[in-house]
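Taken from Swiss-Prot as is:
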type	residues	note
BINDING	ASP742, ASP744, ASP746, LYS748, GLU753	Ca(2+) 1 binding site
BINDING	ASP778, ASP780, ASN782, THR784, GLU789	Ca(2+) 2 binding site
DOMAIN	22-127	domain 'Calponin-homology (CH) 1'
DOMAIN	729-764	domain 'EF-hand 1'
REGION	1-239	region 'Actin-binding'
REPEAT	240-365	repeat 'Spectrin 1'
REPEAT	366-480	repeat 'Spectrin 2'
REPEAT	481-601	repeat 'Spectrin 3'
REPEAT	602-714	repeat 'Spectrin 4'
Amino acid sequence: MSEEPTPVSGNDKQLLNKAWEITQKKTFTAWCNSHLRKLGSSIEQIDTDFTDGIKLAQLLEVISNDPVFKVNKTPKLRIHNIQNVGLCLKHIESHGVKLVGIGAEELVDKNLKMTLGMIWTIILRFAIQDISIEELSAKEALLLWCQRKTEGYDRVKVGNFHTSFQDGLAFCALIHKHRPDLINFDSLNKDDKAGNLQLAFDIAEKELDIPKMLDVSDMLDVVRPDERSVMTYVAQYYHHFSASRKAETAGKQVGKVLDTFMLLEQTKSDYLKRANELVQWINDKQASLESRDFGDSIESVQSFMNAHKEYKKTEKPPKGQEVSELEAIYNSLQTKLRLIKREPFVAPAGLTPNEIDSTWSALEKAEQEHAEALRIELKRQKKIAVLLQKYNRILKKLENWATTKSVYLGSNETGDSITAVQAKLKNLEAFDGECQSLEGQSNSDLLSILAQLTELNYNGVPELTERKDTFFAQQWTGVKSSAETYKNTLLAELERLQKIEDSLVEFAKRAAQLNVWIEAADDHVFDPINVDSVQGVQEIQEKFDAFLHDQSQQFAELEALAALTQQLRELGRSENDYSVISYDELSAKWNNLLAGIEERKVQLANELTTQTNNDVLCQSFSVKANEISDYVRVTLDAISQNTSSDPQEQLNNIRAIITAHAEKKPELDELYTIASQLEEAQVVDNKHTQHSLESIKLKWDKLNTLAKKNEQVVEGEILAKQLTGVTAEELSEFKACFSHFDKDNDNKLNRLEFSSCLKSIGDELTEEQLNQVISKIDTDGNGTISFEEFIDYMVSSRKGTDSVESTKAAFKVMAEDKDFITEAQIRAAISDSKQIDYLLASMPAVEGGFDYNSFAEKLYQ
């Protein structure tokens with residue numbers, strides 16, 4: 001579309017204004033030189049340096065990329081100059097610009113007003129029209145661009161191209177918006193207009209390569225700065241930052257690709273770190289569980305049991321959760337790699353989920369064996385404690401007996417009558433019988449206990465043996481020696497003694513023996529029942545039955561003593577000085593023993609019932625736990641095999657698994673009920689299974705967690721495929737721009753409005769490209785673009801493609817079409833410092849910069 005003709009009549013107030021004329025001359029001269037310098041040329045006086053047409057032709061060739069033909073390079077005469085300038089004016093008109101009132105003669109005659117009018121027309125066509133289609137639309141689009149970029153800046157409100165820029169803040173805001181590293185806007189003195197203008201002009205010239213087309217005086221020494229000069233200068237900002245935006249867009253595309261690969265690499269690194277730490281913990285814990293050094297006391301073993309219980313309650317569950325989370329991370333990583341068509345992640349040996357599960361199973365086996373070893377050791381220590389108590393009780397009783405007898409035997413009293421001497425001899429005979437009975441029974445019991453302690457690997461057996469042997473060798477032998485001495489003394493005095501009351505002696509002897517048996521029998525009747533199985537109860541029952549058989553034989557001895565007592569009473573001897581116990585006392589002990597026997601029978605029956613019931617519960621727990629464990633294992637296999645290439649099919653499969661898992665919950669509740677019954681029964685070990693409630697619950701939760709995380713990953717991947725790649729901020733920007741150019745609010749843009757809208761947001765299309773876009777998105781063919789069609793175009797044009805070609809293309813834009821990219825270009829296009837560091841560390845260095853092509857190839861291998 002052609003430019004509107006530029007009036008050059010004397011009514012043009014802007015050209016008549018001398019100050020504006022001076023400003024335009026300066027600005028237009030700088031603009032021309034910004035292009036002529038590409039050819040190594042320049043002008044100094046805009047009204048004289050174009051009079052021969054040579055530099056004017058150079059300017060037109062640079063800005064239009066189209067040569068001006070047949071220009072006389074060595075004009076000699078005025079007619080030659082007019083011909084050259086005429087060719088230039090025709091060249092301008094050939095690009096769709098109508099020149100009204102501007103002739104070659106006026107330019108050759110150095111008419112400043114005509115020259116400035118011509119240059120303004122050129123600026124409109126080649127510098128500002130590419131922002132829109134015609135002057136009004138171009139001005140509006142450029143103004144909208146300034147307003148959007150300076151929105152939110154303190155005391156900056158752009159409403160025109162003259163007074164709105166007079167304080168310099170708008171220029172500073174435009175620079176800060178795009179290059180915040182160049183200006184600290186908050187530190188500016190908002191009232192220092194000259195300082196702000198000078199700062200903006202200097203930075204634009206030095207850092208942005210925008211020539212200084214205006215001076216501070218051009219903006220401040222007039223009430224209203226020249227609009228054309230300001231527009232020309234602002235257009236330089238637009239074109240500079242538009243080029244930067246392309247590089248930034250390419251940088252964002254590269255950034256998205258890098259985010260994906262960096263996240264995958266970080267996920268791999270995190271998995272390996274956590275997996276290594278977990279496997280190390282499992283190995284260390286398994287080594288400690290394989291130790292069997294539990295100490296040599298019940299308290300020590302119970303301390304180990306408490307520590308093991310606390311470990312299973314507090315230390316192990318988080319590690320079990322870590323197993324589940326690592327498997328979820330591993331499967332999620334594989335799913336993401338598969339969905340983006342990358343090679344699967346291969347973990348080092350020993351760190352795959354299956355290998356970790358195997359290591360975990362070995363740990364649980366070690367736990368089971370550790371718990372069993374503790375149970376056996378506690379049982380052993382309890383047996384040792386009972387045997388030691390019994391051993392000490394027997395030996396203490398012997399020591400007390402020996403001490404008592406030593407006092408008696410050491411008196412050496414013979415009595416004052418034959419009866420008394422005979423009584424002492426009889427008493428000594430009773431002592432001898434009791435001594436032999438005690439020695440035989442006690443020594444047998446002590447040896448039996450020592451044998452049992454030896455079998456239990458009790459390390460104190462030598463000390464106990466030495467104590468026993470020392471007692472019998474010293475104190476016991478001393479008592480026997482004293483008895484023998486005392487007996488000889490009595491016999492020496494007994495020549496006149498006669499046998500007195502053999503029956504009393506017989507009673508004393510037999511009663512003492514029976515009394516010893518009754519006291520020894522207490523151990524079979526009153527010892528506590530300490531078992532944890534049906535077999536244990538049966539073993540005690542067998543020993544008890546053997547004892548009952550012996551008891552029936554001892555009962556015959558009691559009846560014989562009863563008959564002997566009756567005979568003594570009939571003879572008038574109710575007292576028996578030779579006996580240590582009376583029949584009534586012996587009978588009372590016997591009756592007490594009988595009561596204990598009956599109670600023992602009840603205890604054994606109850607214990608058998610209890611252990612039988614506990615065993616039934618253990619078997620029920622084992623069956624249910626095995627069922628749930630098998631179900632979890634099969635379901636986990638199903639999840640790991642859910643590898644369909646269709647994400648929706650994967651999602652349907654995993655959701656079906658989650659639903660079925662929820663329906664299985666009552667079976668877990670049933671297991672909890674059985675476990676509660678076992679806990680109430682104080683059953684801590686189950687020989688029918690190695691599963692515990694905690695291990696089943698851990699497997700159950702692991703399945704639940706893995707399924708849900710798998711669901712989340714697949715849902716996320718489906719959603720990722722549906723995303724457009726356009727941010728909410730960009731969508732809001734598209735809507736605001738569309739509404740601005742939709743003047744009649746009919747939710748449609750005509751061709752001119754659509755083109756202006758695209759250019760206001762930085763999309764510059766040629767006429768051919770614009771025609772192709774409209775024919776593609778105007779689906780109803782009505783010649784207008786609806787908001788929905790506009791958004792579809794913006795989304796499709798900004799949706800990144802994840803391929804090696806698209807990534808290379810993005811890098812090429814950032815590198816300004818070179819085959820290598822510099823660090824400065826990377827930092828100019830990408831703002832994320834982590835992404836910048838990653839690129840600088842990963843890209844191969846080449847002469848002049850970095851090889852982005854080989855880097856992109858490596859990314860997609």
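For all residues, glycine too, the Cβ spot is worked out from N, Cα and C.
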Subject >> Fewest Cβ neighbours within 10 Å, where candidates are the binding-site residues ASP742, ASP746, GLU753, GLU789 >> reply: ASP746
**OP:** Fill in the CA-CA distance, ASP742 (Ca(2+) 1 binding site) to THR784 (Ca(2+) 2 binding site), as an integer in Å.
**Re:** 11
Original post:
If you count Cβ atoms within 10 Å of the Cβ of THR784 (Ca(2+) 2 binding site), leaving out that atom itself, what do you get?
Top reply: 17
Original post:
For the repeat 'Spectrin 3' (481-601), DSSP counts of helix, strand and coil?
Top reply: 93 helix, 0 strand, 28 coil
Original post:
Going by DSSP, how much of the repeat 'Spectrin 4' (602-714) is helix, how much is strand and how much is coil, in residues?
Top reply: 94 helix, 0 strand, 19 coil
Subject >> Other same-chain residues whose Cβ falls within 8 Å of the Cβ centroid of ASP742, ASP744, ASP746, LYS748, GLU753, the recorded Ca(2+) 1 site, in sequence order >> reply: PHE741, LYS743, ASN745, ASN747, LEU749, ASN750, THR784
**OP:** Could you give me the DSSP helix, strand and coil counts for the repeat 'Spectrin 2' (366-480)?
**Re:** 102 helix, 0 strand, 13 coil
Subject >> Residue among binding-site residues ASP744, ASP746, LYS748, GLU753 with Cα closest to the Cα of ASN782 (Ca(2+) 2 binding site) >> reply: LYS748
**OP:** Have a look at the binding-site residues ASP744, ASP746, LYS748, GLU753 and say which one has the shortest Cα distance to ASP780 (Ca(2+) 2 binding site).
**Re:** LYS748
**OP:** Determine, using Cα-Cα distances only, which of these binding-site residues is closest to THR784 (Ca(2+) 2 binding site): ASP744, ASP746, LYS748, GLU753.
**Re:** LYS748
**OP:** Do me a favour and check the Cα-Cα span between ASP746 (Ca(2+) 1 binding site) and GLU789 (Ca(2+) 2 binding site); whole Å is fine.
**Re:** 14
**OP:** Sort out for me which one of ASP744, ASP778, ASP780 has the most neighbouring CB atoms within 10 A, since those are the binding-site residues we care about.
**Re:** ASP778
